[in-house]
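A short worksheet on the structure shown next.
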Amino acid sequence: MKIFFYMNYLMMFFLPVLSLSSSDWILSWFYMEIMLMFFYSFFFKINQDILTNFSSMKYFIIQGMASLFLLVSGLMIFYHNMSTLMILIFFISLLIKLGVFPFHFWVVPILKNLNIIMLFLLLFIMKIIPLSFMNIIFFEISNNSIMTVFFLFFSFCTMFIGSFMGNNFSSMNLMLGSSSINHSGWFLLSISMGLLWMYFFIYGLTLLFFLFSIYSMENLGIFLSLIGLSGLPPFAVFFAKLKVIMFFILNKYFLLIVLLIILSVISLKFYLKFSFFYYLKLKKYFFSFSYISLLFFLFNSIVMFIYLFFYSLIKKHQI
């Protein structure tokens, strides 16, 4: 039985790679549904509580309906016509899959009793294929100004919801749900600028360091990775967000820049609240780093070096 679950975990990491390398969107959809079934089996193996399983049933019903709408609208778009209605249904189905406003209601309840591995699967791995679909559909609607405005509207509303929700929770799992909702808004914004995978994988690696620090009970690692998730400099998520903000600066969307900064400050509050708790639990001085903390510093240093290197090249070219 253990070998079976280890194989399932391996497939959960392998299927997104197959999807991204596939040129057939139906095959990618099929991979996404296989991942959902694997996740379903993991959930019922780990959680035996009836109420917890009932909430998970609601999650899988919602995901199943979204998958059905996604398949039908996708067939109409890619094989028949590019009607605005079908594109809208396809887009809404992806919003449900990703837990983006106004379909964010399933994210927090499902996270209550998940373990470390399940959290990483749901908050990162399960988002890869829907985001790749979202990336495709954005370039189909980018010439439609109304759909682009809707895209930005959902992005900012998702960030708004995630920023305020996080300040109401004292549970780490629920805070991660709010953080995921908040970052999902940034994912959508980064799609519109062609920066999705850069932002997404920086977020995913930071989340991985955070969850691994929790598993290892490494308070310094938890403290640093929480600060990293918040987007404070000089951590990697800050540079990912900075790239998004620079796009708005170049296009002179100053009102949107102010809104982004305000929402970032609001979300920063709950990150600092949780990180300060682990800061108080630190028993060693800051120079007593664990290997997790050292790896996290190395990762952020590499991202900062790459960003500053290419930024300096661009500035020299402009001069």
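Note that Cβ sites are derived from N, Cα and C of the backbone, with glycine treated the same way.
The annotation domain 'NADH:quinone oxidoreductase/Mrp antiporter transmembrane' is assigned in TrEMBL to 22-217. Among the features that TrEMBL reports, transmembrane segment is placed at 29-47, 59-79, 85-107, 119-139, 145-165, 186-214, 220-241, 253-272, 292-314.
Relative to the transmembrane segment (119-139), the listed stretch 85-107 leads the set 85-107, 145-165, 292-314 in CB pairs under 8 A. Here the listed stretches are 85-107, 220-241, 253-272, 292-314, and the one with the most C-beta pairs under 8 angstroms to the transmembrane segment (145-165) is 85-107. Of the Cβ pairs linking the transmembrane segment (292-314) with the transmembrane segment (59-79) and spaced 6 or more residues apart, fewer than 3 are under 8 Å, so the two regions do not touch. Outside the transmembrane segment (220-241) by six or more residues, the chain places 179, 186, 190, 195, 198-199, 202-203, 205-207, 209-210, 212-214, 260, 264, 267-268, 271-272, 274-275, 278-279, 282, 284, 286, 288-290, 292-293, 296-297, 299-300, 303-304, 307 with a CB less than 8 A from a CB of the stretch.
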